[in-house]
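According to Swiss-Prot, the protein carries these features:
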BINDING   Leu131, Gly135, His136, Leu137  (6S)-5,6,7,8-tetrahydrofolate binding site
SITE      His239  site 'Plays an important role in substrate specificity'
MOD_RES   Lys240  N6-(pyridoxal phosphate)lysine
Amino acid sequence: MTSAKTASAPDSFFTASLDQADPEIAAAIKGELGRQRHEVELIASENIVSRAVLEAQGSVMTNKYAEGYPGARYYGGCEWVDVAENLAIDRAKKLFGAGFANVQPNSGSQMNQAVFLALLQPGDTFMGLDLAAGGHLTHGSPVNMSGKWFKAAHYTVRREDQIIDMDAVQKQAEEIKPKLIVAGGSAYSRAWDFKRFREIADSVGAYLLVDMAHFAGLVAGGVHASPVPYAHVTTTTTHKSLRGPRGGLILSNDETLAKKLNSAIFPGLQGGPLMHVIAAKAVAFGEALRPDFKVYAKNVVENAKALAEAMKSHGFDIVSGGTDNHLMLVDLRPKGLKGNVSEKALVRAAITCNKNGIPFDPEKPFVTSGLRLGTPAATTRGFGVAEFQQVGGMIAEVLNAIAQSDDGKAPLVEAAIKERVKALTDRFPIYQ
């Protein structure tokens, strides 16, 4: 018979550090910390959270199951997680001027799935921005649930300027009569005309969903128009430019949709919410309500414009000619380069970004003709216009070197840039 002593947790269970309990994972985390400290992070969907967010997400809230919503749980002992979730809800509503907020989505994909579950039936028609023009997988890609379970029709950008043609969107909506129109994307650098999108949706009897996952932090900071007054439903991730933990958020000012949206998340898609993540969301929303976040959002946009201009000054083409938000797409075709090769070269030089398709891209998704660059993470660590101008120059040096790879100088250039990146990042330390 097993004794109580041997059946219980080991003596070190509540006291051992991660180094002691699992040195392999501890080493991986230390390696990732070193990477983040000494690389320039330009992936537009990534950011650097505060120590307070890290602490909340690594808290004892992870132990608690809390199916349901505050005040209506299926488990006892939820009094403190109710406090955390109510704070997250109230702060999200205040931050975005919304009457309703659901803070439980585990991810951006699940928040959008929930809206589809609440508003559509399988086989219904909806419209979204084409992935190749800067949209997102969950906006109707044929490899995604949204494109498999529903009839997706895509609007796109004009070939001549790579900007959405709203008259074409109107005409397409009138022709196909979608039940839902999605505005938002993952690689579109220009402002969205939410008022016009709502007018188009109303004219054909459609719901308007705005997925502001990429630019929500700019909305919160007052440097980007808010979709909340126009959309029937607004969704966003809580990381990216909002600088919180990875997760999702659903907002609405339409009281008639609140119950449907709540039911779509639970019990429709999810069971017990991740209460440690919700606590961290509350912390991040609180941070975004402070005056300094407005300064941050302003700097993100200024830095993006500076980086775009720096790239142009070094002879690179920027899709649509520039940016109105936190990201840009670099068209590599004039340099004879591919996105996958360019991404790897920059990673070797300690500059992290991602290959990305550009509008009407002739290359396959794992090759691409473009790079996506974003400024939220490096802005968080303190980079300003001067630093992003330097970064633009370093990117150009690396890419020009691999474009002339036959001279054998590319590895030397990459190594030299890596040293310059370390000197730059050492001036802006994180998590000391």
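Using N, Cα and C of the backbone, Cβ positions are placed for all residues, glycine too.
Features as recorded by Swiss-Prot, highlighted on the structure.
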| residue | record | Cβ contacts under 8 Å, 6 or more apart |
| --- | --- | --- |
| Leu131 | (6S)-5,6,7,8-tetrahydrofolate binding site | Leu137, His139, Ser141, His154, Gly357 |
| Gly135 | (6S)-5,6,7,8-tetrahydrofolate binding site | Gly128, Leu129, Ser141, His154, Gly185, Ser186, Ala187, Tyr188 |
| His136 | (6S)-5,6,7,8-tetrahydrofolate binding site | Gly128, Leu129, Gly184, Gly185, Ser186, Asp211, Ala213 |
| His239 | site 'Plays an important role in substrate specificity' | Ser45, Glu46, Asn47, Val49, Pro245, Arg246, Gly247 |
| Lys240 | N6-(pyridoxal phosphate)lysine | Ala44, Ser45, Glu46, Asn47, Ala213, His214, Ala216, Gly217, Pro376 |
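Under the three-state DSSP scheme, His239 (site 'Plays an important role in substrate specificity') falls in the coil class.
Neighbouring residues of the recorded (6S)-5,6,7,8-tetrahydrofolate site, listed in sequence order and excluding Leu131, Gly135, His136, Leu137, comprise Gly128, Leu129, Asp130, Thr138, His139, Gly140, Ser141, Asn144, Gly185, Ser186 (Cβ within 8 Å of the Cβ centroid). Leu137 ((6S)-5,6,7,8-tetrahydrofolate binding site) counts 17 other C-beta atoms within 10 Å of its own C-beta, drawing on all protein chains shown.
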